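Taken from TrEMBL as is:
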DOMAIN    162-574  domain 'Peptidase S8/S53'
ACT_SITE  ASP171  active site, charge relay system
ACT_SITE  HIS219  active site, charge relay system
DOMAIN    384-452  domain 'PA'
ACT_SITE  SER537  active site, charge relay system
DOMAIN    615-734  domain 'C5a peptidase/Subtilisin-like protease SBT2-like Fn3-like'
Amino acid sequence: MRLSTQVVVGVGCAVSAVSAVTLPRGLKDASQETKILPGAYIVNFEPLHVSTDSFFQNLSANGISATSRQTFDPSIYAGTSFHLHNASDSDIDIISNFTQVKSITPVRLHKRAAPAKRDQTVRLWDKANTFLKKRSLTESNDTMTTHKMTGVDKLQKEGFDGTGITIGIIDTGVDYTLPALGGGYGPGYKIAYGYDLVGNYDDLGNPVPDDDPMDCLGHGTHVAGIIGASNDPYVLGVAPNATLHMYKVFGCADYAPTDILIQAFIMAHNNGVDLITSSIGSADGWPEEPWSAATAAIVAAGTPCMLAAGNDGQYGMFYASSASSGTDVTSVGSVDNTNSPTVQTVSDYTVDSGSPVSFGYSLGTGNFSNVNLPIWADTFDTTVVDDGCSGFTANVTGKIALVRRGTCTFDEKVASAYAAGANYVVIYDNVDGVLTPSVTNTDISGAAMVTKVVGEQWIKLLAAGSVVEIHFSTNPILAVDTPGPVNTLTGGTMSSYSSFGLTYENTIKPVVSAPGGAILSTYLANEGGYAVESGTSMATPYVAGVVALFMQAKGTGMSPQEINNALAATAKPLDFNNGASTAPYLASVAQQGAGLVDAYHLIHAGISLTKSNIPLNDTANFIHHPEFYIVNNGDTTMSYDLSHEPAGTIYTFDSNYTIDYDYSPALFPPPMDQLYSEVTISPSTLSIAPGAKKRVTITVTPNPALNSTLVPVYSGYIKVAAASSSGESVRIPYAGVATKMNDILIADPTLNIFDNEYSVGTKAYSGPGSSNGTIDVFQPSSDNYPYVIWNNNFGTKSARMDIVAVNGSNPVYTVGLATVGSLPNYPSTYISRGLPGYAYPTPFDGYLSDGTMVPSGIYKMVLRIAKTFGDLSKSRDYEIYTSPPFYMDMS
């Protein structure tokens, strides 16, 4: 029997409705956080049975009604997606047993990679004048600092601009009307090809594809500008003369189905693009997930794919993303820009009816057109932490309420001001920088935000008794300030939101990092045409642009693996920053990969390495003597010195996890240690003739003082330095886990696994497991069910939920256990680790996965979670949790 591959736990096609359980300790339902497309599935075919026609014939022969969604190119991903008209778990069980079916997976809805930090856009109410009035608050038009960080500025001066390279972008579409992006699309334009794979569908509708990739969300337009913007006063892409293809996979909603993503990647590959970039992802960490597997197949077929590592750095270690987890896929982390460019709308204010003074603001909601009103503040204390959080007593009618950011939400502050009579609110920041406030309140006529400096200046004037009046123009002016103020706190270090690897199989992700924090680029024309956004979404297209320059210089014949090797070897490792200060040691390879991409070194390197990184695995699967080769690409014999550069060790779990009600991996900043590994390099010096290569072997011994129970991830770099005046050096990163991962406890031990909240009473029972001679009674006919509540604090390849009859027959033998059968939607496979504050409530309503109903009787629920690197066919490789016996009254 072939397992029904499920990536979503506790959701799908339930046979009967169940009521929501009250989770302990205020936990949230984790199954509601992962969205799937109801009734939609992907099947992956066995290698010798790839006929889609025969699959649908088998469906009909078994009385299963379905409609085809997508048929994939079998040379890339042998399979199809479809929609079941009346989905039931018995149908899924039947399909999973088809000879040709290798796996069946629900179609997951992947949320677009929203900015890790709120984007700065200008929402102009007079759209016609958007491009007529642009100016900079500082009149600065310096070279983009991101290009200085990576050496792209020097390459562009040498004439490298991406000419002749075609990049496929898979995203929300593109606003091709922008002059910076060519002003159109089709042959002869910068956007030479575009296709909309979804059309006008919403989250759960059917795709209606067409050939117009117009963006309505802005994300894809921002991405396209990072790669290819040109002829613009503020934005210059990495590869401004590259040819772009846009494959739109989002409508005007925030989700894209897995099958559409797979199809878009295959389409781009088959259209002959030189590389593919996509800033989309979902926390996963398993290369076997369908989208990851399909992307890896495209890479294996020769098309490099760059994908975002994810914006979940706050959740700590082992939180890699799909499809960047795919084998040889270039997963990209984010580095904060050294400067903070801004995009604002400009208006004026006067003091005591004096001369106008310009200021910039970011509109959160509403319309300030032709508003001329004095401002009012409840307090002149510019350190107040909860301004507007408890309402205002004054009457603010006819004034603009000025409120300091802090403590409560923007909506709560706006609601307080509106209740006091204000129709307009301006929030001033409590930290440096520019932010667009997230305001959903529809009662207010307008809400905006100004900087800390501007707001505090106004408060100072009000405190002195002056009247400060704001004059909002009918025709607002866009202000782009670039490069903006220097980021002295985190500039040039890894972004705190950038997701940490490793994958659950201990491969090293991300591969490399790039500028992604505070990135100025193109945006929707009707929102001003520019935005500053932060995320691995911004770093990923940056690397794609760098690879385009690399291909322009070296040709398009390089394999994806060779490109990864070169990116990693020439990258610059960065010191760790905890969001407040920079440490005197390198950030973990699990956070930054090889480090910050160095485009100039990439193209001009005289040394290359034959691997992008060295994963050492855990103690039970340790790679004792890994090897790599050094290649001399120069025209003279070179000598090299090899040395070890350690990085900070990260503990996956906090030292208090065993006593807290929080068994999840430690949040950012994770606990760090400077207990470095001992590394032996053989040979440590060597000489290589031109065009030749030589082997290097390393032996890594993790520091024995590391606390193995906290799952330490150690890492570092092997530096290869030319012993010559050139001073060139390259590096190869390594990483390993100083514990036996099979011993990691997957399920949260702090949860009370069995929940009897909905018991309708008790029944006398003297067998094992009873409580005071009784057991709980449940009556599904009145919506009263037993629940198993669980959360996995580490990724697992499989979770099973089986039902065992205590006094009856157990005819189904699964992985060493005699059972009545499995619950619907189980077994569930390739599950990412859970998050703190969440749990999976799994009810038993009396129905099994084959659609049959159990008779009244005494049962147990058995949860089995596969251990890391365990054998799924062996019972010993599962954590096993068995509920107390309970009585199911099925009358």
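A Cβ is built for glycine as well, from the same backbone N, Cα and C atoms used for every other residue.
All features noted in TrEMBL, drawn onto the structure.
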residue	record	DSSP class
ASP171	active site, charge relay system	strand
HIS219	active site, charge relay system	helix
SER537	active site, charge relay system	helix
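HIS219 (active site, charge relay system) and ASP171 (active site, charge relay system) have their C-alpha atoms 7 Å apart, to the nearest angstrom. A 10 Å cutoff on Cβ-Cβ distances gives ASP171 (active site, charge relay system) a total of 29 other Cβ atoms nearby, all chains included. Distance from the CA of ASP171 (active site, charge relay system) to the CA of SER537 (active site, charge relay system) is 10 Å.
Confidence for the domain 'PA' (384-452), expressed as mean pLDDT, is 92. All protein chains shown were included, and the count of other CB atoms within 10 Å of the CB of SER537 (active site, charge relay system) stands at 30. As a summary of secondary structure, the domain 'PA' (384-452) carries 11 helix, 15 strand, 43 coil according to DSSP. Note on the domain 'C5a peptidase/Subtilisin-like protease SBT2-like Fn3-like' (615-734): DSSP counts are 3 helix, 60 strand, 57 coil. There are 28 other Cβ atoms within 10 Å of the Cβ belonging to HIS219 (active site, charge relay system).
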